[in-house]
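Here is what TrEMBL records for this protein:
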- 1-213: domain 'ABC transporter' (DOMAIN)
- 321-341: transmembrane segment (TRANSMEM)
- 404-424: transmembrane segment (TRANSMEM)
- 430-452: transmembrane segment (TRANSMEM)
- 464-492: transmembrane segment (TRANSMEM)
- 553-571: transmembrane segment (TRANSMEM)
């Protein structure tokens, strides 16, 4: 591939574009992609720009904030912050985004900028590094005709200024088609035309395919090569309506024209030059192009990614305020249902019911973490491949932001409301152990959700797996079935139950030291009546000792670490190339 000011590919050429941009899995591919006759550098994907078909900008941030994020991570640290800021401002003006520079890009819940402005913002994210080659995968997708035309005019202007721009485009309008300098048409991988775009209509007219008046040339060419054109000449092949016959005719006519001879001569000249360039050099395999390099260090990446992640959570009401509101509502509900439990036989049942509800609620509330990596998968993959940040940086930033804002704070609020309404033990030690236990079960359940969903692409599928896991763990929690009575060949499953460890810790914290037989004469007390909290714990198979309490927290901590390691490994090795 030689460098040209602008190259356009009509049709579904996304995979071919990925190969040229070194973003395609090289397995099964052969050959080399050359830049001006030289092999691609190993980190070509980090040096070139790639605008994907779908928007991959943070919708809760403004246009300027998105461009600033790209500049902070993709430009070398040798460039000062002031220079980066000036570069962002210059780019905003060049892309015509000055009017909306401080407007949010927009999400499903936040009204943002227009489609054309979003596309120009995506282009700006890549232009921030002044790439010598800019790839665009169908940049007009989702845009109206006028907006699409303005985007292509912008790209044409950049191409005329010496930047190499390679893009794929689907069914361009005539005003866009006339911007093309050359045109290449393929049918089942066979070339049927390669030459000047402005003479293509004359060529097809000469071989018997005439474009009807007011028909879009791009649509006409697609109709011809697909055998659907109504403008074909009336000959024996066309009367048969054979698509295969039309394909053979197009290939034969092209191989007998001057454009084919010129293309063949140019190919042999390019091939001889390439052989001279690579002669004597070790052969570079296509796999080397998967090398990813970074212009910033770990701490710089971590600071910027963590800042953006926290800001995104705070500006997204669906994940921040809604979570807190639901938590307070559930705390009030459980507090009202089990309000002011008594130290009698009914208090035993009510306490167990309240503790079980709280444990299960924390487990199922943490299932919302399933979409933590799924919702931003495309954004993460694009930014990682482009050299924004390391996988570890993204993983730690997402974990910290989610744990602090959506797990720790709601768990503390829930405890403060429900604990005193229910009337649990009124000691500071018991209160803080209770809060710590609730936070720990939230952490462990969240880590399990991340471990299950890290390599999933659909939230619904991940939720199914997590719901099944939680239901089975609930059975072995200690309320629905008496754990000591479970047969030995199934009893081992209790060691993998998150609710069991949480419920055991909460039971020990609450029941130890309580007495439930006040008002009963010791001489007439029923023999099977449970009077002390320790007796109740013994029946449940729970060790009321200090070690019996803290071993549950240790187990939850170990499970959390194991789940997080699994989640990171899944995120590290998921398929990031198409």
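Keep in mind that glycine also has a Cβ here, set from the backbone N, Cα and C atoms.
Per-residue confidence over the domain 'ABC transporter' (1-213) averages 82 (mean pLDDT, predicted model). By the Cβ criterion (distance under 8 Å, sequence gap of 6 or more), the transmembrane segment (553-571) is counted as touching the transmembrane segment (430-452), at least 3 such pairs being found. Only residues 6 or more beyond the boundaries of the transmembrane segment (404-424), in the same chain, are considered here, and those with a CB under 8 A from a CB of the stretch are 310, 313-314, 319-320, 323-324, 327-328, 330-332, 334-336, 338-341, 351, 354, 358, 362, 365-366, 368-369, 430-431, 434-435, 438-439, 442-443, 446, 510.
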